[in-house]
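All remarks here apply to the structure that follows.
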Amino acid sequence: MSLFKARDWWSTTLGEKEEFDQGCLCVADVDNSGQDKIIVGSYMGYLRIFHPHPVKPGDDVQAEDLLLEVQLQEPILQVEVGKFVSGTEGLHLAVLHCRKLCVYAVSGTQGNVEHGNQYQIKLMYEHNLQRTACNMTYGPFGGVKGRDLICIQSMDGMLMLFEQESYAFGRFLPGFLLPGPLTYSSRTDSFITVSSCQQVESYKYQVLVFATDAEARQETVQQKLSSGKRLVVDWVLNIGEQALDICIVSFNQAVSSVFVLGERNLFCLKDNGQLRFMKKLDYSPSCFIPYCSVKEGTINTLVGNHSNVLNIYQDVTLKWAAQLPHVPVSVKVANIQNLKGVIVTLSENGHLQCSYLGTDPSFFQAPRVDSKEVNYEEFNAEMKELQKIIREAMKTQDILPQSEKRRDLIVTAEVSPDLDAESKAIDSEVKAEVVPSVTVKVTVQSRVTAQKPNLSVCVQAPLAVTCDQFIFNDLEPDSSETVVLSVFLKGNCPPSELEGNCVVSCSTPTELNPEGIPKVAQCKFKLPLRLICFPAQPSKSANHKITIDTNKPPISFLTIFPDFADPSEDDQANVLGFQFLTGSKITLLASKTSQRYRIQSDQLEDLWLITKELTLRLEEHFKKQNCKDFVCTFSGSIPLQEYFELIDRHFELRLNAEKFRELLSERAVQFRAIERRLLTRFKDKTPAPLQHLDTLLEGTFREVIALADAAEKNQANMFQAFTKLKSATHLVIMLISLWQKLNADQIAIMEAAFLPLAEDTQELGWEETVDSAISSLLRTCLSKSSKEQALTLGGQLSMPKDTSRLKKNISLFCDRLAKGGRLSLSTESATQQVTVVPGGCSTIPESDLEERVVVLGSTATFTNHKHAAKQKSKPGLSEDAAEEEEKP
């Protein structure tokens, strides 16, 4: 039992699918019997009157608690109880509809049998309204004695005043836009409301009486002056937010005050509009009511919020907080069954509750402990029996239920082995004669009922699909749907990945959840290399070369590349040429005397896809031969300098994008300023010369268009640079993994550090993200000592000024790996040990590396004396001669 929870004294649920709001609840002695009743009206037109009796926890509400339930013809906006009938000071019920005001007399007849008392309502009078009503207030307007008058606020800002059975007059509020809460202060004889200007406004009743009649609003100015005075506000206070409710407080031991509940603040005002105090609320309030405090000079306030909590304040001090089972839209304090201070709350869906604060008394008494002796042998035998049952259950029972082991939703993708006979490429930017496409067949299978299946097919740009979204009809159990689409190269640069992803989502209904439980299934598919390149003549010279070592004799390219090599040409067994659709060429060579393969190209990033395809096809070939010890290694130098040039190119384009954004912002401000001046000149009644403002406007417009075109071109270049950077990053990760013989988990850590972003933006770019990730690895698993592990990284990522720190961290990362560091997500393996560097790599001394700053153009190499990262082949040099030149 929680102390901070409203204790349920009596509660019920009103109707089905009915709606209630702030004015639908009223607590008063409506039948003049001396006891409070709860009156509730709903937007469905139901009027209910309750007289609750306490019930035991778990028992239903007694039928006699509902005194009256009647359905009226129109929605009920508000219910109030007051002295609304002339000739009597008895209390009557006023019900406000959209276009009608009705006043009823509620009376009860003593019952003679067990059915109890009989209650009925009698219509005393009604007023048909000419305008749509919003809310109402009542009170002794003008200081009348023994009766209450009613004031109704319409949706268009008119105050309609009724002197009981007769209509008195109507006045329009000045500057009205939308209606706000309305109340009456008998102490100052004024109406208080909150306007759309977020101001609390007070209007004297006497000013309303002598103001211009609302019916004469359309008259001429002379008629207005002769018919009455203009409606003038008494005082105004700007609160800076919309108000939810207003209450007037006038207790004997407290100062008369005006309470205003705003969207984020609670205001307490004096009668003259001066601010007494305000309380900033850290939640969204829904309703409130002030009530009398036991401490003299203070006022207590109940504030309900949208977090199902009822807060109790004494002035601005929070005294208590109680959890409610619903969000209250109206709250009242009542005296029911001689119980004072019952809290009555009403939710928007009709949950009516009477509660109190605190806890129920506990009647629990601890039972006496039996002093019987414990039989340990019997307990041990029982424990062994239970452990045996647990072991048997763990052997036979699976962790997941049998129904969950079977996949209810399956998506598969099948890529056609051949390219499309007729290309399906659409709006491709590739400048080639024919842009090929390949067909992908996607099948969605469901073993259960699948509602609204949605299939998404994603490929990384610059690849594109003919259609990426499919919406199916509901799938029956053990049914399937199949779609066919085509993938092609759309952008004018090679992609960094030849993979795609299919994701299907749906909802499966169950007995407990008919709406359905969401389910997602996905699968990946690999695209053929022929989609982005075609066979070409091998190139004898290239700027970039890498050599992959294996432990098996080289395989003929006619075997592992049958889709590119021509069997009729014997020279393609060891030399093969590729050309991307974008124009760049790559040459693949296999050594005749050693177990090596060389990949060379003029661009570093172009080596990635061919190198990856080579290793995959070699592994697949030896797997078919049942050879399990095939290994690829790399003992050359990591091409860091060429990699750093791609980083600098990408970062330079990011800086250009930032400059273009600033220039565009400046020119746009200048353009709007010229427009404002021209507009001022055109609106002027006396024509003035433009002073070449039109020429300046046209010139600024041309500059804005030119800057926008330049920014768009720079954005396209930055996308291509980022794609090339991702390809080169994949290549560097692969070479490091082959060099250090990393396992799958360590490769995954490297990929997460070097390839954290699928897309590059100005707000979060590749450079700062990778720098932060590598710095974290250097301070954890690759740290030299515990002192480095204690260092903390900076908080917010921002675009750096240059790339020197990033390049230094990448070089240091490779150096730590060369010295025996191992990648791990746990800090236990972070102890750096001096080991023999494999592959004959000469490492950079760590102290020298940390002291100096890597500048542009410097080379951070991890060289093997047998290979060079960047070799220039002699013209006409044959493949065997090149290998002989490699030998020491």
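In case you wondered, yes, glycine gets a Cβ from its N, Cα and C as well.
Just so you know, TrEMBL annotations never went through curation; they're auto-generated.
Remember, it's a predicted structure, so these values are computed and weren't measured experimentally.
Features reported for this protein in TrEMBL:
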- 369-396: coiled coil (COILED)
- 864-873: compositional bias 'Basic residues' (COMPBIAS)
- 1-361: domain 'PTHB1 N-terminal' (DOMAIN)
- 433-525: domain 'PTHB1 GAE' (DOMAIN)
- 528-635: domain 'PTHB1 platform' (DOMAIN)
- 742-817: domain 'PTHB1 C-terminal helix bundle' (DOMAIN)
- 864-888: region 'Disordered' (REGION)
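For the domain 'PTHB1 N-terminal' (1-361), the model's pLDDT averages out at 86. According to DSSP, the domain 'PTHB1 platform' (528-635) comprises 29 helix, 31 strand, 48 coil. In the domain 'PTHB1 GAE' (433-525), helix, strand and coil residues by DSSP number 0 helix, 57 strand, 36 coil. Residue counts for the domain 'PTHB1 C-terminal helix bundle' (742-817) under DSSP, split into helix (H, G, I), strand (E, B) and coil, are 43 helix, 0 strand, 33 coil.
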